[in-house]
Ligand SMILES: Nc1ncnc2c1ncn2[C@@H]1O[C@H](COP(=O)(O)OP(=O)(O)O)[C@@H](O)[C@H]1O
Ligand SMILES: [Mg+2]
């Protein structure tokens, strides 16, 4: 799986995938209409919601600007949505930018110095910001101050500039990549988890209502089960199933329609797509379940190493279909069961690794 919003799988040379968690052009256009507008409308993530609710309520009661918030989690789980909700709940304007968009510290200084009091600054992919910008951000977050450097070389001087209090909302798919001094300056860190199927069903029902699509409970459950725990994917699959329902039926989404539609798009019952299944099938059929090295497995699938490792494997590992061991990739019993195959007796990958 690709964990950077800004680099969809298409950038790695593969076809865009229906189950990629990054936003494609269509998502970007549709998502604005589907985003929950306040915390009450935001589905799931109970812990994060409860904690954030307290942080925001307390700030409002004090008449103060909310503490800086760090949102960490995989793409498509609702980080951008939450940043907008934070601004809405604080009745504050929001400015949206991203780490890669800030090339120089000067870019950041320009943004910071034009913020209004109480404004929310959303910094997406904060782990991809440049070093000098990062250091400027430390001081801005802590003291609401930046040093603007005027001139070059030995004659350069730093002119301190006071900033109005603001709330920085940083989002990252990789909290581990953030330097500790930056992480420490957030008053509150929210770790976003993958969504349970029941939560995704609610997301799907809500989106269907907004898109004016008729769907029954079993239809929503069918789509939810294939959405990889990710609201963005759930919304995308819903749109594809809607297309199918309109063309092949009366537009009403039932479990039969949902499963037939996603069959056409090759997204299986657990949310695996063609690539995921190709990797699993090669591992099971050609290598008896492994262990097999990544390079060998990639050649067998006819894909780049990186594609197998970064696009397919993370989800297969997360779902418990594949394990990365020091001796190579190994299929789990769940993988054999999912593909409806019987593991060979005494397959090397099975012995001792997964006692029954
Ligand atoms: N908790 C949620 N409830 C309802 N819809 C959600 C939720 N989280 C995300 N979504 C939907 O999923 C899509 C992707 O969310 P987004 O905030 O852009 O994810 P991220 O920024 O983490 O990649 C949006 O269209 C949003 O409407
Ligand atoms: Mg986002």
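Any Cβ shown, glycine's included, is placed from N, Cα and C.
Sequence annotations record features per position, and here TrEMBL assigns region 'Disordered' to 1-23.
According to TrEMBL, the feature ATP binding site maps to 34, 35, 76, 79, 80, 81, 142, 143, 144, 185, 195, 232. Taking the Cβ of residue 144 (ATP binding site) as centre and 10 Å as the limit, one finds 16 other Cβ atoms among all the protein chains shown.
According to TrEMBL, the domain 'AAA+ ATPase' annotation covers 65-196.
DSSP assigns residue 80 (ATP binding site) to a helix. Applying an 8 A CB threshold to same-chain residues 6+ apart, the list for residue 80 (ATP binding site) reads 35, 122, 124, 171. Look at TrEMBL and you will find 80 tagged as Mg(2+) binding site.
Confidence for the region 'Small ATPAse domain (RuvB-S)' (196-266), expressed as mean pLDDT, is 97. What TrEMBL lists as region 'Small ATPAse domain (RuvB-S)' is 196-266.
The annotation region 'Head domain (RuvB-H)' is assigned in TrEMBL to 269-356. Across the region 'Head domain (RuvB-H)' (269-356), DSSP classifies residues as 41 helix, 9 strand, 38 coil.
If you take the C-beta of residue 305 (DNA binding site) and look for same-chain residues 6 or more apart in sequence within under 8 angstroms, you find 294, 295, 298. Residues or ranges marked as DNA binding site by TrEMBL: 305, 324, 329.
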Taking the residues 34, 35, 76, 79, 80, 81, 142, 143, 144, 185, 195, 232 listed for ATP, what is the greatest CA to CA distance in Å, to the nearest whole number?
37
Could you list, ordered by sequence, which of these binding-site residues: 76, 142, 144, 195, 324, 329, have a Cβ under 6 Å from ligand 2?
none
Inter-residue C-alpha distance, residue 142 (ATP binding site) and residue 329 (DNA binding site) (nearest angstrom)
46
Can you tell me which of 76, 80, 142, 144, our binding-site residues, come within under 6 Å of ligand 1 at the Cβ?
76, 80
